[in-house]
Amino acid sequence: MDPYKHRPSSGSNSTFWTTNSGAPVWNNNSALTVGERGPILLEDYHLIEKLAQFDRERIPERVVHARGASAKGFFEVTHDISHLTCADFLRAPGVQTPVIVRFSTVVHERGSPETLRDPRGFAVKFYTREGNFDLVGNNMPVFFIRDGMKFPDMVHAFKPSPKTNMQENWRIVDFFSHHPESLHMFSFLFDDVGIPLNYRHMEGFGVNTYTLINKDGKPHLVKFHWKPTCGVKCLLDDEAVTVGGTCHSHATKDLTDSIAAGNYPEWKLYIQTIDPDHEDRFDFDPLDVTKTWPEDIIPLQPVGRMVLNKNIDNFFAENEQLAFCPAIIVPGIHYSDDKLLQTRIFSYADTQRHRLGPNYLMLPVNAPKCAYHNNHHDGSMNFMHRDEEVNYFPSRFDAARHAEKVPIPPRVLTGCREKCVIDKENNFQQAGERYRSFDPARQDRFLQRWVDALSDPRITHELRGIWISYWSQCDASLGQKLASRLNLKPNM
């Protein structure tokens, strides 16, 4: 065995117990003491090592998306979009790429029930020949805020109160009363889709706007959509109470059991694209993450399919240590000027460095499957074997060179440095259109959830009035019904 290239693996376990350094352990049942009943000796290194390792088994949980489940599989291109992108893994129909996917709830802690009303994370890591691509999205196509400056405040509002450690509706209602752009997202969250039946029966969305670039350098703005082949199914409120009371890990269990039984979940990938030269033609800003792109004027285009056919081998190694970041892209896919995406580019990598350390991309689940090379050396928990003498660039003693230049969006940007909101806010139209698309029973369930949320005794008359005004601007009848059930007069 080459000691410099050996990597610890359960596949090379010895037949007897050892310490972490490989020394044999002849007794893993009793501590070393002075006599049968005497005190424990500090020299019992195996005991100290065992306790110290146990004390450090847990790492900081994710500040959001803490509760999650992962599975592995492949993505296969089914339709040619090479005219839109030069991304290698999308180069032709039939091309397959290994993936790992993590589904999650967003707000609540690691051990919370999977039946709570909450957005669901839908993150996909593609292990391509040109490096990894992380498509980090949710099961809802829009978001609560359009500017990442408000993200920490938003999460604080959703998280338990720093005083009571309980999630409290009045805090959420208060914060979002200052952000009417959130109404479109709430038209999803307070709808039936706010509690998916399980992970197999929910959609996924890239949420943010990205950019596709073809080999000629032509860019197109793009939105990504995952559609489950088994359909979208949800839990109503009373069903969620029953299911959650029976098994608080029902979605994880369903995913694991389905794959183990050979009933592999599958999603179709679709995209919507907009020529950047045409982005001013709409009554909304295509870079506004609180808006969807209407499918009747920007149709879905099929791209491929994703099949999850293998359960993870170890929850900690392939779920807790699994790390996503929207900044991780490949040639042919680029960012856009979406304000929330621009913020996520920094924040995700930063939180992974906090959670897992500066070398988190060396962990097997996060490392690319292709060859890679740079001078990002050393740091805490660096376990890459290196024997180079040159750790700088350029050098006449190292043949490493720059890669071929890849196309990036050829935009010329001008403007003053300023902090401002976008021109086309249009906060109410799409939320109202979505509400009117519900059948009467679904509308009533949506209405009742808002009545319950606004009935919190800490919510003031002023706050209720603001929300009635907001929903009235989305749909007059919805505002009237909400006011009636709350015994208030609608105020436009």
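Placed from the backbone N, Cα and C atoms, the Cβ positions cover glycine too.
Because the structure is a prediction, the values reported are computed rather than measured.
When the ranges 241-249, 313-321, 403-411, 484-492 are checked against Swiss-Prot, the one recorded as motif 'Peroxisome targeting signal' is 484-492. Within the same chain, residues at least 6 positions away in sequence whose Cβ sits under 8 Å from that of Asn138 (active site) are Val106, Pro119, Arg120, Gly121, Phe122, Gly204, Phe205, Val207. Listed in sequence order, Arg102, Ser104, Thr105, Val106, Gly121, Ala123 are the same-chain residues six or more apart from His65 (active site) with CB atoms under 8 A from its CB. Helix, strand and coil counts from DSSP across the compositional bias 'Polar residues' (9-20) read 3 helix, 1 strand, 8 coil. Sequence-distant neighbours of Tyr210 (phosphotyrosine) (same chain, 6+ apart, CB under 8 A from its CB) are Leu221, Val222, Lys223, Phe224, Ile329, Ile333, His334, Tyr335, Ser336, Leu341.
With respect to Cβ neighbours within 10 Å, the binding-site residues Arg62, Arg102, Arg344, Arg355 differ, and Arg355 shows the lowest count.
Among Arg62, Arg102, Phe151, Arg344, Tyr348, Arg355, the residues given in the record as binding heme, the maximal Cα to Cα distance rounds to 21 Å.
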